[in-house]
Amino acid sequence: MLTVEGLRSRYGRIEVLHGIDLHVDSGEIVTVVGANGAGKTTLLRCLSGVQPVTGGSITFRGELLVPVPAYKRLRRGLAQSPEGRQIFTNLSVEENLRLGAFLFNDERVEKDMDDAFQMFPILKEKRNLAAGGLSGGQQQMLAMARALMGRPSCLLLDEPSMGLAPIIVSQIFDVVKGLKALNVTVLLVEQNAFGALKIADRGYVMETGHITMNGAAEELIADPRIREAYLGI
Amino acid sequence: MSELLQFLFSGITVGAVYALVALGFTIIYNASDVVNFAQGEFVMLGGMITWFAHAQGLPLPLAALIAIAATAALGVAMNKLMIEPARGAPVVSLIIITIGASIFIQGAAQLVFDKQIHSFPAFSGDDPIRIGGATILPQSLWVIGGALVVFLALWLFFTRTLLGRAVLATSNNRLAAQLVGINTNFVMTLSFALSAAIGALAGVLATPITLTAYSVGIGFALKGFAGAMLGGMGNPKGALVGGFLIGLFEAMTAGYLSSQYKDAAAFIVILAVLFFMPQGLFGRKSTDRV
Ligand SMILES: Nc1ncnc2c1ncn2[C@@H]1O[C@H](COP(=O)(O)OP(=O)(O)O)[C@@H](O)[C@H]1O
Ligand SMILES: [Mg+2]
């Protein structure tokens, strides 16, 4: 579904992605784990078109993505819940969700919003409040729900667990796992390698702009090098 | 008593013009957090182009339409040529760019047109309407009606339409707006077109009363800005109320003190708002937690 080949990107003169190769098949949950500063966010920004690509290619459902402007990528089926949540703080929870479905104006919008409220009941309680007043965990839920309102076939998730209490993290990972049943393919980027690998089918390890390992999630969890470097075991 | 009423009438007339300018500020501010100081030049162009086209023999309604369309096109060009290339620059730099644009437009208008004061006929004649011992010009009713209609349309746009929400979303978080599929460049283009058109409309409606010349823009920008600040930047309701209040304050100052102090009124309001009430009357409280 998504194929990345030799992807390079830079900030000014400093290259931070030095040729990334990875692929995500339809229906999979794939995770990219790596330490802070490895380049995970930059990778997702390239995929969504908000970061210039200086080399390599991105193919999504058979189409080359690099020339497609950012705002058209959701129309192709690619959504992102970005790092730092990036919700519309001045707008209400409900308005955030409605804007998630900006591309649509049909009955399904209402139904999708009900589904989002079912997925995250706390959002329903707070639907009329300004999103900026939500707690970190609630903002993360809103960011994911907003991305799903765009009816993506593939969802890019940037560190949904960042800064959240363990109980919220496990709740959010459960939701990510459940996306399979909704036919949403997932590319999950995480520093929380253990949590991510536990729900993923496959994983990649990223270090300073390179992919250094990849394989089935259970193999990576069992790998002594990963256990030492990322799982703290 | 009839004196007070007369001052009230003239206050709400100029207040309506300021309200229209303030509404123009609101749209661009909502889309980009930029205060567009060229907003007053749009008012000037609305008046000057209408005068010019009318003087060439075009019927007034057509001349006005041309003026509004041409000014909107200029607003779009200003965004494409001056604001968009500087994207990512701090908001303060963008505001300074708009001041530059304002000076440029003024100079260009002086060259293309002239340095004279101009006007064109009022839409519904010049016979004053008597109300309670005071009089009001029919053209004043046009200006006041124009401000109310534009306000209502904008209010519906921002609160009831998805595109209006998309404008708000673009200013709140441009990255997230792009991720949900909003063409943020188009939103900016639209905001400049709308703002410029509203400014030009203000010029078309006001010129038979206030007259126009290449240099009138700065004054409108300043007073519209004072109105927008007083009402709370970004809020259409605030722009409407703030604009009217500035007009009334100015008319009372001119009537009861001296018309010499008229222009100082707006400055005093700007300073007072900055010191005592930076959010303005209807300003949105910042709800960011981070
Ligand atoms: N806006 C930026 N300007 C310059 N350098 C940046 C910027 N954002 C990230 N970087 C650098 O790029 C590298 C990768 O960052 P990032 O993609 O955010 O990593 P991760 O998401 O894995 O923590 C880091 O060295 C970081 O310092
Ligand atoms: Mg990151």
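The backbone N, Cα and C atoms fix where each Cβ goes, and this holds for glycine too.
The feature transmembrane segment is assigned by TrEMBL to B:6-27, B:60-79, B:91-113, B:140-158, B:179-205, B:211-231, B:238-258, B:264-282.
Long-range Cβ contacts of the transmembrane segment (B:264-282) within its own chain (Cβ-Cβ under 8 Å, at least 6 residues beyond either end) map to 222-223, 225-226, 228-233, 235, 237-238, 241-242, 245-246, 249-250, 253.
Away from its own ends, the transmembrane segment (B:179-205) comes close to residues 17, 20-21, 23-25, 27-28, 30-32, 36, 39-50, 64, 67-76, 78-80, 83-84, 139, 142-143, 146, 150, 163, 166-167, 169-170, 212, 220 of its chain (Cβ-Cβ under 8 Å, at least six residues beyond either end). Among B:60-79, B:91-113, B:140-158, B:211-231, B:238-258, B:238-258 has the largest number of CB pairs under 8 A with the transmembrane segment (B:6-27). For the transmembrane segment (B:140-158), the list of distant contacts is 9, 12-13, 16-17, 19-20, 23, 26-27, 30, 122-124, 129, 164-165, 167-168, 198, 201-202, 205-206, 209, 236-237, 239-240, 243-244: same-chain residues at least six beyond its ends, Cβ to Cβ under 8 Å. For the transmembrane segment (B:211-231), the list of distant contacts is 15, 17-22, 24-26, 29, 35, 37-44, 47-48, 51, 102, 105-106, 109-110, 113-119, 202-203, 237-247, 250, 263, 266-267, 269-270, 273-274, 280-283: same-chain residues at least six beyond its ends, Cβ to Cβ under 8 Å.
Residues 38, 42, 45-54, 101, 105, 120-121, 123, 188-189, 191-197, 199-201, 203-204 of the same chain, all 6+ positions outside the transmembrane segment (B:60-79), place their C-beta atoms under 8 angstroms from a C-beta of that stretch.
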